[in-house]
Structure formats: structure tokens, C-alpha cells
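As recorded in Swiss-Prot, the features of this protein are as follows:
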MOD_RES   Ala2  N-acetylalanine
MOD_RES   Lys40  N6-acetyllysine
MOD_RES   Ser102  phosphoserine
BINDING   Asp253, Asn254, Asp291  Mn(2+) binding site
BINDING   Asp253, Asn254, Asp367, Leu368, Asn369, Tyr370, Arg371, Lys404  substrate binding site
BINDING   Glu258, Asp291  S-adenosyl-L-methionine binding site
MOTIF     401-404  motif 'Subfamily III RTxK motif'
Amino acid sequence: MAVVPASLSGQDVGSFAYLTIKDRIPQILTKVIDTLHRHKSEFFENHGEEGVEAEKKAISLLSKLRNELQTDKPIIPLVEKFVDTDIWNQYLEYQQSLLNESDGKSRWFYSPWLFVECYMYRRIHEAIIQSPPIDYFDVFKESKEQNFYESQESVIALCTHLQQLIKTIEDLDENQLKDEFFKLLQISLWGNKCDLSLSGGESSSQKTDVLNSLEDLKPFILLNDMEHLWSLLSNCKKTREKASVTRVYIVLDNSGFELVTDLILANFLLSSELATEVHFYGKTIPWFVSDTTIHDFNWLIEQVKHGNHKWMSKCGADWEEYVKMGKWVYHDHIFWTLPHEYCAMPQVAPDLYAELQKAHLILFKGDLNYRKLTGDRKWEFSVPFHQALNGFHPAPLCTIRTLKAEIQVGLKPGQGEQLMASEPCWWTSGKYGIFQYDGPL
């Protein structure tokens, strides 16, 4: 196997990884501490003095974490026994074994960025679970819900579009169906712009009707493998026997508006018979500010169902029905909130890898998935995506992301360098997007 390049890390002063560790992560921790402060009276109402003491304890643990980060202290093992604690601590030992540092300790700015950023969110969770009776509290819940509420007009526009489309779907010829599929894929792509971890937890909602912007946004799609997705799924549809299934898996990213765009796409896949089942993979714990948990998934469907617009509530009712019928299935697994790159999945989570192998197509949403797919490494821009996956090929897969990290592979020779010369922030601003496919053609 070819030599893999070094990991992105905070060692590179001025890099996006460096600025994330130096500025964005402390900002997120400060916001989490503030959120706990603001819920003090709620904790008192629900749990009395015990709730207030728990809030103080959680804040103290989080303040300690912020100090460790800002002073580049060694990264310490997790202490609270949880289902993944041992795996995390083994991974920390593994990272330490790779170091040349004189004291052999992993530190925030010298360890791989992917590891320390995941570790920070896992330590936030540890601070909460160490603080009963408020150990159920999702410190990011408010901002996820706000993102959904602030995107209402866009949600209504998408639900209306979908319901009108479903009415006429049987009359569409193959090219028209393909056009609609491409449209909803692009909506799911641009929905990925709404990422609260990039904005430091500040509002990042969708206030304009993305449907009307698709033509204008096309030049910003750097890699467009939508044709491969169409030919794969339309071929599955044509060759499917009566009782057989076509499974599309969506490895989710953000809750709120982006999740709505993913559910709209999933609805279309069933209505068009391009798929017979859609499986969603989310996070087991609150993660990267806006990532989807089972609570977020169920909450959002409930909100859409009770929306004050007939097509919106029709979508919500349909989605609830899909879940009941088993046509939509939500899964979570601890692997998605571990620091490992995905090429380690067969060893670390063989059960999950075996599950993914049952898919006809896996859609990986967003930046964190892309970073884990490619190992978050300093790849050359023109390295083939298949190579950067480093042996991770459970099923045909496609990554759908707007670029918000200094990693991108599979570009034409010179394309990345050209963008870098004209627009230095091209790969971190969320302005550009990709549909990047790996699988049989």
C-alpha cells in the first residue's frame, strides 16, 4: 500500500486546523458553559439544589478542559466509565506511541487535528455524564432547534416542491426524473452549509429559498459525480425483482435545515422507487455542535408534522409513516463518535462495516465524514479518491459536502493550485461543494 501522508494538525501555525484549535474550539466551550449557566433555574426547578450543584460541577470540568486546551497541556485519558471509554483510552495510547516529543505526551496542537477535535466533544460529553442528575442534558439542543426554526420559509418551500413533485411523479419520463433527482441532491449538498461547529455555534440557518439558487450555485460544484448515482440507482430499479430491496444509506451530518434536505431526498428516493429502504446513521451523543442524534431526528419529524403549512405537515406525517413501516430506519453506533478514520472500521467496528456492506449506495454527508473517509491527511489535490479511502470500500459510496477543511482529493491536475492562487480560502469557506463517488462505474 502507498505511503499515507501526515495528519493535519495544529502544528502548522495559521492553518485552518491551528485556528480551529486556537480560536473556534475555545469559543464553542465558552458557549457550552454559558448554555449551562442559562439553564441554572431550570435545573433547580427540576432537581432542586442537587441540580444547581451538578451545573456547577459540569461548568468546573468544562472550564478545566478549556484551560488544558488553551495552555496546550497533555491530553489526558477519559475517566468516566462509558461504553466507549476503553476504546478512546487505547486510541490515546496509540497516538502517544507515535510521538517523538520528549515527554511522550499527546498535546492539543501537536496531535492530529481530527483526534483532538473529536476528543474535545467527547470530553464535553464526559463533563455532562459526570454531573447527574443533569447527565441527560444536550448542551447543543437549543442551537440545533433554533437553526430549524430560523429556516422555516425554506423548509416550507422544499416541502411544497416535494409534494407537488410526488403528485406528478408517475407521469415523468426518465430524463425528467433524473433532473428532479439531481435537483434534490444539490439541495442536500447546499443544505450542508448550515454547520454550527464552523460558525462557533452561532446562528447558521437557511433563510433563502435554495431551490431558486441552484442554477447560480452550479459553478461552485468542483466535482460532480451525480450521473454515477443516477446510473447506479436507476439500474437497481430496472433490474429489481418484485420482492427484492434497494437500500440507500445516508450517514448524516447536521440536524436542523440540512436534515430536512436529507429527508426530502430520502422521500423522493422512495416515491421514485429508486430505493425501497433508506437507512440513516446518526450520532449516539451530542457531537460537533449540530450533528444529528436520535432525539434530533424524531424531534424534527414531529416539528414538520405539526408545522402550520399543509404541505409541511403532510411531509411530517409521511415521514412518521415511513419510520413506522420500516421503510426509513435510524441507526446509531459508537464508531461515528470515535476518533478513528474510516479505514479502521473493519477492525474497530466489524459489525458496522458488515452492516454498510448491505447497502446499494452509501451517501456520506458533510465535512467530518470526508475528513474521516480520507484520514484527514495532507493529500495532494490530484490523489484519486479511491486511494485516499485507504482500503475503505464497504459498498459504492458518495460524499456530499461543502468544503470546510483543508483537505480535498480527486481534483484535476492543477485545479487545486489554481483555486489556491485566486481564492486562498476556497477549501474552508463552505462556498464550494462536491459529489465524489467511489465504486463500480
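Using N, Cα and C of the backbone, Cβ positions are placed for all residues, glycine too.
The list of residues near the motif 'Subfamily III RTxK motif' (401-404) in space but at least 6 beyond its ends in sequence, with Cβ under 8 angstroms from a Cβ of it, reads 189-190, 192-193, 195, 198, 222, 364-367, 369-370, 426-434. The two recorded residues, Asp253 (Mn(2+) binding site) and Lys404 (substrate binding site), show a Cα separation of 13 Å.
It is Asn369, among the binding-site residues Asn254, Asn369, whose Cβ has the fewest other Cβ atoms within 10 Å in the structure shown. When the Cα atoms are compared, Asp291 (Mn(2+) binding site) and Tyr370 (substrate binding site) turn out to be 14 Å apart. The Cβ of Arg371 (substrate binding site) lies under 8 Å from the Cβ of Leu114, Ala405, Ile407, each of these being in the same chain and 6 or more residues away along the sequence.
On the backbone, the CA of Glu258 (S-adenosyl-L-methionine binding site) and the CA of Asp367 (substrate binding site) stand 13 Å apart. You'll find the Cα of Leu368 (substrate binding site) roughly 10 Å from the Cα of Asn254 (Mn(2+) binding site). The secondary structure of Asp291 (Mn(2+) binding site), as reduced to three states from DSSP, is extended strand. DSSP assignment over the motif 'Subfamily III RTxK motif' (401-404) gives 0 helix, 2 strand, 2 coil. Per-residue confidence over the motif 'Subfamily III RTxK motif' (401-404) averages 98 (mean pLDDT, predicted model).
Of all the binding-site residues given, namely Glu258, Asp367, the one with the smallest number of surrounding CB atoms inside 10 A is Asp367.
Cα of the residue listed as 'N6-acetyllysine' to Cα of Asn254 (Mn(2+) binding site): a distance of 27 Å.
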